[in-house]
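Asks: The structure under discussion is supplied below as structure tokens; questions concerning it will follow.
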Amino acid sequence: MCWSGEASAVLATVGIGGAAYSALKRNPEPMALWVCLLYFASMESLQAVSYSVLGQCESPLNQLMTLFGYLHIAFQPFFINAVALYFMPKDAARKVAPWVFAACFASAIFMIVQLYPFAWAGHCQIGRPLCGDVLCTVRGEWHIAWHLPVNGILNSMTDNAYLGRGFISYPLTAFFMPALIGSWRFTLFSWVAGPWLASQTTNDITEWPAVWCLFSIGLVLAIIKTPLRAHLHVGEPWWRRLANWWEARRAEPALPQGAREAPPAE
């Protein structure tokens with residue numbers, strides 16, 4: 001199988017059209033869903049443009065598309081968590097949303113820091129996603145691959161697939177955090193249909209992120225347009241049940257001094 005710029009353009013059009021329809025129809029879909037779809041469709045638009053300069057590492061357009069692709073990834077946790085919060089009870093989602101989005105902001109800043117070539121940080125270790133010697137979009141095994149000269153911060157985690165192979169802030173905010181706050185069903189589905197499935201379709205680790213973004217359009221469309229959505233909602237999260245139990249315990253009236261257990265009569 002070999003993907004193409006035309007295929008990316010078609011998929012981007014489907015995603016943008018689906019988002020527009022979901023937002024503008026008589027009974028619009030929840031904003032979190034169609035905005036997430038639009039965001040990932042915009043990534044596929046970037047990839048469609050990238051095909052026109054694929055492998056031309058000196059091309060300003062190639063370099064810009066590569067940089068925009070990285071920045072798009074850095075801000076993805078905002079949109080992933082917006083969908084995760086949608087599948088939670090509304091009052092619980094409102095309580096944790098400020099903390100969730102603050103963590104997403106910190107994650108984006110950290111990924112941008114990893115992009116800057118600090119002399120003290122060295123160069124990324126080959127074998128990490130997105131790592132390359134020059135800023136360039138090239139062909140992978142069947143889709144595009146992004147090469148960026150990111151720095152060597154967290155090179156020691158290159159072999160840790162569960163913690164992002166050095167890009168630790170992304171899995172922490174895109175997967176661990178949504179599961180921790182209670183939206184575990186959506187998190188499990190997005191992990192299986194995203195990074196896990198992408199890793200099964202190519203052996204080029206620098207291609208994984210682009211393939212994953214491609215699959216994300218289908219993932220969000222499936223959530224919006226199929227009965228799958230009904231199965232991704234969760235009940236009251238564990239931390240809310242714990243808080244309710246603690247509040248109920250504190251609200252229990254204390255026994256008055258005179259009501260203490262009297263000593264047994266002789």
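Backbone N, Cα and C define each Cβ position, glycine as well.
Feature list, courtesy of TrEMBL:
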type	residues	note
TRANSMEM	32-55	transmembrane segment
TRANSMEM	67-87	transmembrane segment
TRANSMEM	99-119	transmembrane segment
TRANSMEM	167-186	transmembrane segment
TRANSMEM	206-224	transmembrane segment
Asks: Let me spell it out: take the transmembrane segment (67-87), skip the flanking residues so only those 6+ beyond its ends count, and list any with a Cβ under 8 Å from a Cβ in it.
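Replies: Hits for the transmembrane segment (67-87): 30, 32-33, 35-36, 39-40, 42-43, 46-47, 50, 93, 96-97, 100-101, 103-105, 107-108, 111-112, 115, 130, 135, 137, 146, 148, 170, 173-174, 177-178, 181, 183, 185-187, 190, 209-210, 213, 220, 223, 232-234.
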Asks: Are there 3 or more C-beta pairs under 8 Å linking the transmembrane segment (167-186) with the transmembrane segment (32-55), counting only pairs at least 6 apart in sequence?
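Replies: Counting Cβ pairs under 8 Å, fewer than 3, so no.
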